[in-house]
Amino acid sequence: MNISRVAEQGLVLLGCGKMGSAMLAGWLEHGLPAASVWVIDPYPSDWLKAQGVNINTPLPESPAVVLVAVKPQMMGEALPAIQALGGGDSLFISVAAGTSLATFENVLGADTPIIRAMPNTPAAVRQGITALIGNSEASDADIVLAEGLLSAIGETVRLDDETQMDAVTGVSGSGPAYVFHLIETLAQAGEAHGLPPELAMKLAKSTVAGAGALAMAADEHPSQLRVNVTSPNGTTQAALEVLMHEEEGFPDLLHRAVKAATNRSKELSRE
Ligand SMILES: NC(=O)c1ccc[n+]([C@@H]2O[C@H](COP(=O)([O-])OP(=O)(O)OC[C@H]3O[C@@H](n4cnc5c(N)ncnc54)[C@H](OP(=O)(O)O)[C@@H]3O)[C@@H](O)[C@H]2O)c1
């Protein structure tokens, strides 16, 4: 991460809850001086107070970056604190779900470079994936700067169009919850077939984590990895015949789940 400009001009973080703290921890670890960070948060956590950053003090005039990490429903209340920084040299980055670039432009001015990003909860262990898109004022250098900052919580991907953000929300934003539910139900199924609860949970968690790690590390497509572990007429094939059933299995179920989340994301951004 190129932190020298941010270190020199400063970074303002609006809202330092789960997502804000995960990012801040990464930046400080990468060498961003605590004195270069200004945090606005009504109830700073003990962890935040121990970091040596500026908390709820007057802001620098032209910080390199203003990062917005408050809940979308707090946005109206929180944005006035940084509104005066709009229309200058500061790059705005928002990780708030459902708040559009146009909403920020209305508050900050359309001449403000703004990047909208959608992270996910594995950010807490630096294994998140964040999709990002900038408004027409955001330059390539701005996107690169945002990617550098967001890489503190995992991988980043660029979108071509803001409308993709709803489907991104349906796949990676909400996706960790689908996988948590997979772990829960896999463990419950193990219990139903005679395993003690703790053992079933351990097997389910490690299987999902291990398969995820293998899918990330392998050159083969996940479909091929699946084929590799499916011997004809074996145990895996017996299970996959249930799971891969066109109407009753994963294909239709996940399609409907992602559709529901995507539609809800569209509705929320209109509210
Ligand atoms: N968590 C995720 O996995 C995830 C994924 C994708 C996107 N996001 C987005 O990330 C954003 C932050 O989520 P989060 O999970 O980090 O939420 P969070 O833990 O609730 O953090 C929000 C922080 O903002 C503070 N805050 C509230 N009102 C404020 C104000 N007027 N001015 C400044 N700060 C204020 C909150 O303080 P109090 O706690 O004292 O109210 C809290 O510390 C959300 O917009 C969410 O959509 C989160």
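Note that Cβ sites are derived from N, Cα and C of the backbone, with glycine treated the same way.
These come from TrEMBL:
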- 12-98: domain 'Pyrroline-5-carboxylate reductase catalytic N-terminal' (DOMAIN)
- Leu14, Gly15, Cys16, Gly17, Lys18, Met19, Ala69, Val70, Lys71, Pro72: NADP(+) binding site (BINDING)
- Asn56: NADPH binding site (BINDING)
- 162-268: domain 'Pyrroline-5-carboxylate reductase dimerisation' (DOMAIN)
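In three-state terms derived from DSSP, Leu14 (NADP(+) binding site) belongs to an extended strand segment.
Max Cα-Cα distance over the annotated NADP(+) binders (Leu14, Gly15, Cys16, Gly17, Lys18, Met19, Ala69, Val70, Lys71, Pro72) is 14 Å. Counting every protein chain shown, 13 other Cβ atoms lie within 10 Å of the Cβ of Lys71 (NADP(+) binding site). With a cut-off of 6 Å between Cβ and the nearest atom of ligand 1, the binding-site residues Cys16, Lys18, Asn56, Lys71 reduce to Cys16, Lys18, Lys71. Looking just at the domain 'Pyrroline-5-carboxylate reductase dimerisation' (162-268), the mean pLDDT is 96.
On the backbone, the CA of Ala69 (NADP(+) binding site) and the CA of Asn56 (NADPH binding site) stand 15 Å apart. Sequence-distant neighbours of Leu14 (NADP(+) binding site): residues of the same chain at least 6 apart with a C-beta under 8 Å from its C-beta are Ile40, Asp41, Val66, Leu67, Val68, Ala69, Val70, Ala78, Leu79, Ala81, Ile82. Taking every protein chain shown into account, Cys16, Lys18, Asn56 are the binding-site residues, and of these the Cβ with the most other Cβ atoms within 10 Å belongs to Cys16.
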